[in-house]
Amino acid sequence: MNEIKEKIPRIGMVSLGCPKALTDSELILTRLSAEGYQTSKTFEGADLVIVNTCGFIDDAVRESLDTIGEALAANGKVIVTGCLGAKSGDNGSNLVRQMHPSVLAVTGPHATQEVMDAVHLNLPKPHDPFVDLVPNAFGIAGIKLTPRHYAYLKISEGCNHRCTFCIIPSMRGDLVSRPVGDVLSEARALFEGGVKELLVISQDTSAYGVDVKYRTGFWDGKPVKTRMLELVQALGEIAAPFGAWVRLHYVYPYPSVDEILPLMATGKVLPYLDVPLQHSHPDVLRRMKRPASGEKNLERISRWREMCPEIVIRSTFIAGFPGETEAEFEHLLDFMREAKIDRAGCFAYSAVQGATANDIPGMLPLGVREERRARFMAVAEAVSSQKLQQRVGATMQVLVDHAPALGRKGGTGRSYADAPEIDGVVKLLPPEKISKTMKVGEFTRARIVGVQGHDLIAVPV
């Protein structure tokens, strides 16, 4: 008698927004895969589509709503999760439901179990005798949506700050730090799985453990405080045997950050800090209600460079914030020239529904905001170009991201100064030695021979 083979249900997934949302998507897919669901790369090939949305700025809202519409048109069965799922429309009801009433379910961010329940309701899980007996078939690290050689490690969720331009706390809640043992176990599993670069992310990495009063956890039989310094020390120790990188993102410039600079200076973790400064003028920072707004950031950056001359600092800024005067904006330009931020991005301020900054008097015309953003980026690019030119002639370690024909025709990679997707790259020319090969996910030494925009040109050695 022929058995009727059960059709394996297939899930489509679109992940929009920041790396923190990406880690939520990875967790959802890991749990679904552990239950026997398969994934589809197309809407048409899926039995159901999950859209993980972003709702931070208006452009992100539009992109998320458009993507939901595309998924509905192509597939018809759509579950929505993420930050936009927590957003209300003009009449107070759920915005996604207003715009797309036919979606199957809507949840807010980091609502993994609610998404799982919605999937089970609309696409019952398959019975797989093997998977059913394996409670964690994909290991601690789970499924990753990044290339195999790098991964994001989320250490906390939410944020305790109430910056006037930001609505993330209203969508993701207050700070909740992951247990330090869980974080370190995931890190080790990722390294064991071949990850060569770990990118530590959260809404506020410097505040890790504040919510639990830095309580002591345990990992590998040893006590470890739930605090940024101890976490970074442990990550560096775990990474060392694998020759892997640890890169820190979203690090607010608190005095405690000084404690991790020796770890960077001695090579335990990458000498790279992603510090969201947003502005330099004290009055603008006060209107933004930025944490650490009273800190002397210029002095702090100078001290960091004294402690670790190789440090690369990335930051983001807002131009044209409500009430920003020309003098306040010039203060920001002077700060950029003096601080010499290695990698900088800038947004022209735009009103975000639900943000208290909307009530601050002095909204600037769009043309002024865009013009200031352009002026800022001209200064930032000049600083970056000068910094990049200083690397010409140096030999650097490069993590290979792309290497067709074993790299004999060249490829692309990144140095310690380049985070994936947001910074420049190292464009690798064909090696001088015919015997030299390169593989994706491996390190190579390369001599910097030129600069092209935000990128370096290098010859593998």
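Glycine is no exception: its Cβ is also placed from the backbone N, Cα and C atoms.
Copied over from Swiss-Prot, here are the features:
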type	residues	note
BINDING	CYS18, CYS54, CYS83	[4Fe-4S] cluster 1 binding site
BINDING	CYS159, CYS163, CYS166	[4Fe-4S] cluster 2 binding site
DOMAIN	9-124	domain 'MTTase N-terminal'
DOMAIN	145-387	domain 'Radical SAM core'
DOMAIN	389-461	domain 'TRAM'
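A map of Swiss-Prot features onto the structure.
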residue	record	DSSP (3 states)
CYS18	[4Fe-4S] cluster 1 binding site	coil
CYS54	[4Fe-4S] cluster 1 binding site	coil
CYS83	[4Fe-4S] cluster 1 binding site	helix
CYS159	[4Fe-4S] cluster 2 binding site	coil
CYS166	[4Fe-4S] cluster 2 binding site	coil
Enumerate the residues of the same chain, CYS159, CYS163, CYS166 excluded, that satisfy the criterion Cβ within 8 A of the mean position of the Cβ atoms of the recorded [4Fe-4S] cluster 2 site; list them in sequence order.
HIS161, ARG162, PHE165, ILE167, ILE168, PRO169, GLN203
Could you give the Cα-Cα distance between CYS54 ([4Fe-4S] cluster 1 binding site) and CYS166 ([4Fe-4S] cluster 2 binding site), in whole Å?
13
Neighbour count first, Cβ atoms within 10 Å, every protein chain included; then name which of CYS18, CYS54, CYS83, CYS163 tops the list of binding-site residues.
CYS83
Between CYS159 ([4Fe-4S] cluster 2 binding site) and CYS18 ([4Fe-4S] cluster 1 binding site), what C-alpha distance do you get in Å?
15
Across all chains shown, how many C-beta atoms besides its own are within 10 angstroms of the C-beta of CYS166 ([4Fe-4S] cluster 2 binding site)?
23
With an 8 Å cut-off on Cβ distance to the CYS18, CYS54, CYS83 Cβ center, who else from the chain surrounds the [4Fe-4S] cluster 1 site?
LEU16, GLY17, LYS20, ALA21, THR53, GLY55, PHE56, ALA60, GLY82, LEU84, PRO109
Pop the Cα-Cα gap between CYS166 ([4Fe-4S] cluster 2 binding site) and CYS83 ([4Fe-4S] cluster 1 binding site) into the table, whole Å please.
12
